[in-house]
């Protein structure tokens with residue numbers, strides 16, 4: 001699949017403008033539309049996303065997730081998404097990378113109802129995703145490192161790194177969607193963590209950023225467990 005994420009994300013208002021911006025195939029768009037339909041149905045009984053974000057679902061959630069795809073190498077096969085909630089960004093990425101040989105998304109979420117929802121989306125869309133109903137700390141114990149580790153609006157960086165570090169290997173890329181206050185979070189995180197970081201403006205949120213992290217470890221050279 002050819003994936004092009006370009007500036008102008010705030011112009012995305014529906015599935016067609018999303019498709020025009022990202023250049024996804026018709027088949028991929030149909031799978032994302034199935035995801036949208038299931039989310040709107042389940043949202044009536046489970047708080048998967050904030051109700052206020054539903055009118056802008058394609059920008060606030062679909063595009064916000066999709067922008068991560070172009071930030072990782074095509075060799076990435078094992079992607080771990082922490083605190084997946086309603087499936088953002090992990091399920092969107094799994095749908096977008098459905099045709100990549102050997103790709104598998106691991107969705108880590110402790111809320112059982114949200115996990116049931118994500119499994120249903122994966123079943124309907126054929127997304128290569130495994131849902132783990134477990135706390136992040138428990139999943140990280142003994143788990144294989146990911147090629148990519150991601151999270152969206154999960155926790156401040158100093159705490160988030162405590163969960164993510166055990167899942168980092170020498171080549172792991174961390175992708176974290178952050179809002180305002182990123183610089184303050186980075187300053188605090190550097191008091192406890194060693195890492196290389198770069199960030200770029202979010203394509204979906206004028207006030208947001210995508211943080212890309214490599215080489216995450218504690219000051220003793222080993223991943224922390226908190």
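A Cβ is built for glycine as well, from the same backbone N, Cα and C atoms used for every other residue.
So that you can see what the record holds, here are the features copied from Swiss-Prot:
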BINDING   83, 88, 136, 137, 152  S-adenosyl-L-methionine binding site
REGION    199-226  region 'Disordered'
Which of the three DSSP-derived classes (helix, strand, coil) applies to residue 152 (S-adenosyl-L-methionine binding site)?
strand
Mind checking which of 136, 137 has the fewest other CB atoms within 10 A of its CB? They're the binding-site residues.
137
Let me know the DSSP-derived helix, strand or coil state of residue 88 (S-adenosyl-L-methionine binding site), please.
coil
When DSSP states are folded down to helix, strand and coil, where does residue 83 (S-adenosyl-L-methionine binding site) land?
coil
What whole-number value in Å do you get for the largest C-alpha pair distance within 83, 88, 136, 137, 152, the residues recorded as binding S-adenosyl-L-methionine?
20
Would you say which of the binding-site residues 83, 88 has the most Cβ atoms within 10 Å of its own Cβ?
88
Counting across all protein chains present, how many other Cβ atoms fall within 10 Å of the Cβ of residue 152 (S-adenosyl-L-methionine binding site)?
23
